[in-house]
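> So that we are looking at the same thing, I have put the structure below in structure tokens.
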């Protein structure tokens, strides 16, 4: 490296530490601090030295949930901020845009090490957003972006609602279809299994073809397959169609977080992501509330008709959603520019470094399992999330035992007890903005960039609430507190601390996973989804039997002791997480 280029590298490497007057002027230079420049590259360096308003600058040090990790050959090309960058002319040289995968190793991309490929990259222009670009979803009005956020959260609530609505009237399903309790419970388990498998298809599909088509097509098929569920003449038809419903209904679970990330940059999406965190847990809670009254008044088939109507309304609303996925939008812009200018070197990183089908399958199926076996942070965080998710579904089967069999309440009245969980969930939504403010305060104290472990503050707050709620539920239920008067207040109120802890834990644990594995976030989230769905599918199969066999107190205590064993996890990772990540090849 020449003396001049070496000096340029030293200067660039210290850009984040420039004096405060530069920040006050609202200017940021767009050359990535990790890239080294040789003599052949330095001539094009000025192409990226644009003055960009700080309000529209993506924080490149945090995970980009809109980056097409699964469908881009990142092992060869590395990463880029192309889809988040803002430049004056909407183009950035490819050799300067590529950067190391965001792990602590920061290995230079192979594409830049390859001298032949590097020479070609010198002439390639990657398409970026322009200043005040009307097509950039982050530039849309706040009201419109909150509308998109609301629709995304509503879609997640809708599909989660569908998984639990049948719990409102299991007895009539057992009688009409001539099957046992455990077999009927499979109608919940199989749909939740579909929730775990479907995202492995829908997430890569959204990267290739955009968010909009992935919102629309699976939603329509989900609505259609509710019809044979409602008309089923045997349990086999119901179970098969419920699994298919879960597979197609999982699309919002796969892309809602990404859609929210499309319209809110990573330095401004705190409360929007909190809504997304609450939706997968709030939706199932609504299921037995509605299903209980509908089942006892109109019959179990109408529970499924109501679910179809709800899903149909949401599908119609989703049809009006715009395309928000930056890589897809910029790919269309690149194709238009190539046609207009005749320059074949205008492209996007995803187009230039396409992942093969084998790579996509590896990233969605193999790598998540591999990471679960080699990354203790991912494994234990996923197990904690799965435990809480599974215990939520355990409530759907233990509440009918306690309030239906011990208190002799009707299905509709049993469903109302889940309002306590909604109260706890609502309280969590009030607290999550405070947790986010605390995180931003910690980041500011550390020079603008917090450690991933700073995400665990909320989890440390919420973790004790789950075992406490289960102990309350078990030991205030009959026969420990005799039936009569207001004795139901104890077990019913247990839903409040559970709902609160559940959302706080998920919000913080999910953020910790994302910040810990920004270079492998797609695989990490796929692993979490698989484990979470597995727990949600398993719990319905034995919860009612366990409560009848062990009694309410000891059955709830068994679940509480498992949750209690999980409580130290966020505290231990807060203390030792940094050293664990330092020994990982994939962690930040």
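Any Cβ shown, glycine's included, is placed from N, Cα and C.
Since this is a predicted model, take the numbers as computed values, not measurements.
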> Of 107-128, 239-260, 261-282, which range does TrEMBL call transmembrane segment?
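Of the candidate stretches, TrEMBL labels 239-260 as transmembrane segment.
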> Against the transmembrane segment (377-403), which of these stretches has the most C-beta pairs under 8 Å: 239-260, 302-330, 415-435, 553-576?
553-576
> Mark yes when the transmembrane segment (415-435) and the transmembrane segment (239-260) have three or more Cβ pairs under 8 Å (sequence separation 6 or more) and no when they do not.
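Contact criterion not met.
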> What else in the chain is close to the transmembrane segment (456-476), if you only count residues 6 or more beyond its ends and a Cβ gap under 8 Å?
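Distant Cβ neighbours of the transmembrane segment (456-476) are 384, 387-388, 391, 398, 402, 428, 431-432, 435, 438-439, 442, 487, 490-491, 493-498, 500-505, 507-509, 512, 552-557, 559-561, 563-564, 566-567, 569-571, 573-574, 577.
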